[in-house]
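Report on the following structure.
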């Protein structure tokens, strides 16, 4: 019985001691957060952080405009890079500016909170060794992005097909050190890590060739058709700046059944061949129809087996006579 009383007393004393410790800790926390020193620190730190964020935003905003103006003036110079190269370097310069300013802003905010930035950076160097293997993909992305820009493999505004784990095709809108952004023909946006780019097909480096095949009736007068089309093609370069040279009437490409296939080729500026092909196809159709040259159309031949059989019987009868 005496033992039970002793245990009960010890439990009560333990609870009282822990309760007292909790009360003391709570009081210390309350005293800290309710002190004038704490609120002075909060107010000053808030003002500093707000100022850092505002200044960072203004520096990035104004800096991007200055960079854009610089490249705009550079494009007017007699010796300059191509327009696509200028756009690529413009986007890259603006991206690098943002990274530098926002990194400096983070350092400033940490300093405003009385965090030892020097010690943090030193610790980050040690931690960097530990996470180095995990950051291999990031390093690969940056190195690949550097060589894409340095070698001018493709630029902003180019129409490309990039082969990664899957294929992405569209117009390049942005090239960064880590990622490349492409917008597809139907509006979808591909964000591709540079390290995953294994093969690139660039459709914008050289002029494009429009190949127009059209089917006409087998009875069409080839010489007349060639003369009409050639005269029409000579008028196109003065109308469409997309054309590099006068389109050519190649001739009859194929003959099959009751139709002929004629071919026209036109050299255009990069990626302008789709529109030119549609225009030529439309106009040539009108010219041929206007001059009585028939376009090909589906024909069906019906074979009457009963008539063939009756003719066979008549022939057999003639032989018997």
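The backbone N, Cα and C atoms fix where each Cβ goes, glycine too.
Nobody curates TrEMBL annotations by hand; they come from automatic prediction.
Copied over from TrEMBL:
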{"type": "DOMAIN", "residues": "96-136", "note": "domain 'Mechanosensitive ion channel transmembrane helices 2/3'"}
{"type": "DOMAIN", "residues": "137-204", "note": "domain 'Mechanosensitive ion channel MscS'"}
{"type": "DOMAIN", "residues": "213-295", "note": "domain 'Mechanosensitive ion channel MscS C-terminal'"}
{"type": "TRANSMEM", "residues": "41-67", "note": "transmembrane segment"}
{"type": "TRANSMEM", "residues": "88-109", "note": "transmembrane segment"}
{"type": "TRANSMEM", "residues": "115-135", "note": "transmembrane segment"}
Across the domain 'Mechanosensitive ion channel MscS C-terminal' (213-295), average pLDDT on the 0 to 100 scale:
89
What does the DSSP secondary structure composition of the domain 'Mechanosensitive ion channel MscS C-terminal' (213-295) look like, as residue counts for helix, strand and coil?
31 helix, 26 strand, 26 coil
Helix, strand and coil residues within the domain 'Mechanosensitive ion channel MscS' (137-204) as assigned by DSSP
17 helix, 28 strand, 23 coil
